[in-house]
Amino acid sequence: MEKLMVAGPKRLAKELLAELQRAGVVHIEPLRTEELGEYRLSADEDGELRRWEAVAAGAEHALGILGKAATPTKPFTGSLSDAEAILKPWLERAEVLGRERAALEEELQAIQLFGSVAERLAGLTHGLDQSQRLAVIPFLVSKIEELEPVRAALQASLEDRFLLESEALPNQIAAVVVVLRRDLEAARTALSRQGLAELRFPGVYGNLPLTQAAARMRERSKLAPEELIGIREEVAKLAKESKDSLEALWTRAKDEVARLRSLADMVAGKYGFALMGWVPQDAKGRVETALGRLKDQILYSFEPVDEHHEAHQVPVTLKNPPWAKPFELLHGFLNTPRYGGYDPTVMIATTFPFFFGMVVGDMAFGLLFYLLARLFAGYARRGETLEIGFLGAKMGPDVLGQLSKVLTWMAFWAVVWGFLYGEFFGTFLEKLHVFYDPNHHGEAGEAAKGLIPILINRLDFERTANLLIVISLAFGVFQVLYAFAIRAYYAYKHRHMAHFWEGLGYLAGLVGLVAFAYTFQTGKGAPLTYILLAVGLAIFLVSVFLARIPLMIAELPGKGGQILSYIRIYAVGVAGAVLYDLANQVGFGLAHSLGIIGVLLGLLLGGLMVILITAVTLLGHVLQPIRLLWIEFASNFGFYDESGKPYRPFRSVRGESS
């Protein structure tokens, strides 16, 4: 990243921003100096900004009414006045149709909710609701028994000057009270004291007598659906006619608004301005080309970044190989690495799918994840957005495309480990003798039979538990020690000596503890491991003193415990495998004992158990592996200690969507 400084006459400020927006690579930094004030929009510029904002909002509003998302396209090329003139009729027509559609939808919803109730209530009044001398109060209760206190309250308030009728509905009781019009408020008060309120229909139906409301609902239930179909057809027609124009207006307006707002990030005097930004080194040529169009009219310079004093200001753009880039999703929402710091993307990309595969270890679920990846890839290819209603989540094509690649790697390692474990929906294929364990024998002592030998049977705890636990712990040793090595290296690079000694101390102390634990468990390695323990603890104590963090002494055993946390890779996976094995035992047990009926029952019950187990364990199978990288690895190298500034280049909305 390099710093860009530009100065020039004030009249060229907007033209410069237009060139930089077309280049699409400069991260504009608000510039503030004591010598020059902030660039303040003139009255004309402020008015222009407000008008373009209105065009953008109006176009987006019209597209929303028409059921279309605002999508960047080739921008409108006319003037602001032309844009307003073109937008006005489209927006007015869309708003009219939108209001008519909303009114019809609300009316149909009201008819659906209250139509049958209105019919019953109208029947109870026997036309008395049409009388000029009488008033009718409709209401609903849950049980017929609730009407007795109502009758008593009305009797106490009105004596015999009322009529109470009711009729049962499917889930409640419809009731009406008929009183003299002069007793209407007294009757309402009596009902209110019983916790009841008058039933009022929504919209125009609320002002009609019950008989008329019921008749109108009956009539409108036949006519309104046809009217709604007609309105929707008009909306679809308008959308087809106006979509391209509205999107072009929206694109142009958003770009104009961005340029006018960016003027405030400059400083300016009476005649000139100055702008500061950041440019990735590999995009420097594009900026020089853009600025070259204004040569001899502006001055500009590129300066190298001072990592020691400017790292907190410099925006961060992550540079990862294409196969690893999608995994930026898995940490980007947590934090952005500081400029010049460590980017954990490659570590996550290489280990998370591997851990996930080791935990899941089932070919069938690997294939299901692959199908999900293909589904997401299809949405991304078509440029569609996926909405998950019950989660309130919405994922755009770009996110879905990256997720599909992450899921593909997860699926690959799930299939690989599933083959090693010999698992397909648990032990399903082993029960069918596709897989077999060469170390197992039948009840008569005969060797197990099948087509493919199981290389690592994780359900054979006696033979494989130690191996899988050691593999899990080996990753823990590597990642936790590597995290502290990273912490020490980057702290030394940036001259943060307290963090350097902290990282070095934990690294040395853990090396000593791991060496001692190895000898303690295996009886091997001495005296070398004891030397490592002594040297490691000595370096640790010196580091505690130099870092001036005495709590490191209390925290060192906890850091060792973080290595042990990696056992969860084995434990979580084998727990799921045991449950799937149980489902297969139930299914095949029924098949063996009940014949053809047992086969059907076994498939049904076993399948239901597999679905239930998957629902219960799936979230843990995904979260436990990534948690190790978020907590045990990332927290130890200091990922959360400092935040970087995301690189947000100043560019057209068309560039932002690509």
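Each Cβ is built from the backbone N, Cα and C atoms, and glycine gets one as well.
Heads up, TrEMBL stuff is auto-annotated, nobody curated it.
Taken from TrEMBL as is:
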DOMAIN    1-52  domain 'Vacuolar ATPase subunit I N-terminal proximal lobe'
DOMAIN    112-201  domain 'V-type ATP synthase subunit I N-terminal'
TRANSMEM  352-373  transmembrane segment
TRANSMEM  406-429  transmembrane segment
TRANSMEM  467-492  transmembrane segment
TRANSMEM  504-521  transmembrane segment
TRANSMEM  527-551  transmembrane segment
TRANSMEM  563-583  transmembrane segment
TRANSMEM  595-619  transmembrane segment
Return the stretch with the most CB pairs under 8 A relative to the transmembrane segment (563-583), choosing among 352-373, 406-429, 504-521.
352-373
Determine how many residues of the domain 'Vacuolar ATPase subunit I N-terminal proximal lobe' (1-52) DSSP places in helix, in strand and in coil.
24 helix, 13 strand, 15 coil
Take the domain 'V-type ATP synthase subunit I N-terminal' (112-201) and average the pLDDT across it for me.
90
